[in-house]
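Just below is one structure, and these are the notes that go with it.
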Amino acid sequence: MRVNFSLLEEPIEIEKATFLTIKDVQSFAHLVKLIYQYDGENELKLFDAQQKGLKPTELFVVTDILGYDVNSAATLKLIYGDLEAQLNDKPEVKSMIEKLTGTISQLIGYELLEHEMDLEEDGIIVQELFKALGIKIETTSDTIFEKVMEITQVHRYLSKKKLLIFINACTYLTEDEVQQVVEYISLNNVDVLFLEQRVVQNRFQYILDENFYLSYEKA
């Protein structure tokens, strides 16, 4: 994956864990705004090696780490879709589930007939069953570091998301924690961009200084 915007002379390649530090506050804020407004048409360009642009739905952006809900409706919808696809590979199991949900719908239908009001039901589809069962991601994070790892794990399993961007995440992590996150990202072979306003210590990174000169160095 590659990123380009007006302050860069050439695109930056995002491969596994990539760090980009922008020292000028206004430029940093402008890029954050472009990321949030990304539609594939503004000055921010995200694309792969074949020059194919990243779709807005393929971008996963996190600023408020502790406040980020890994069990958001959008995330659960993707997970339910993956589970349904998994069931499609097991026709016997899916058939059994459909028979059981059909029986449940039939029993409830009998009760609706006996109710004083005219009631109807639409039946149960598989994804609605997942929701009714309360299927969600188990969350055990107590620290910002654990939450970063948790979010990265979620990104790993969301097949429709191709790029995760953390904004100012390293501000809250120790050098050792950053190293563990980098190792986890590498192990899972996902692309993650860490956009920072301060230099990340002891880490190779792209640094855009106050004079808009881009360098790649270890701070």
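Even glycines carry a Cβ here, placed using N, Cα and C.
Record features (Swiss-Prot):
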type	residues	note
BINDING	ASP118, GLU138, ASP142, GLU150	Ca(2+) 2 binding site
BINDING	ASP118, ASP122, GLY123, GLU128	Ca(2+) 1 binding site
BINDING	ASP122, GLY123, GLU128, ALA132	Ca(2+) 3 binding site
BINDING	ALA132, GLU138, ASP142, GLU150	Ca(2+) 4 binding site
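Recorded residues ASP142 (Ca(2+) 2 binding site) and ALA132 (Ca(2+) 3 binding site) have their alpha carbons 27 Å apart, per Cα-Cα distance. One residue stands out among the binding-site residues ASP118, ASP122, GLU150 for having the most other Cβ atoms within 10 Å of its Cβ: GLU150. Contacts of GLU138 (Ca(2+) 2 binding site) defined by a Cβ separation under 8 A and a same-chain sequence distance of 6+ are given as none. Its Cβ placed at the centre, ALA132 (Ca(2+) 3 binding site) has 11 other Cβ atoms within 10 Å.
Within the set of binding-site residues (GLU128, ASP142), the lowest number of other Cβ atoms found within 10 Å of a Cβ is recorded at ASP142. For the pair formed by ALA132 (Ca(2+) 3 binding site) and ASP118 (Ca(2+) 2 binding site), distance between Cα atoms is given as 24 Å, rounded to the nearest Å.
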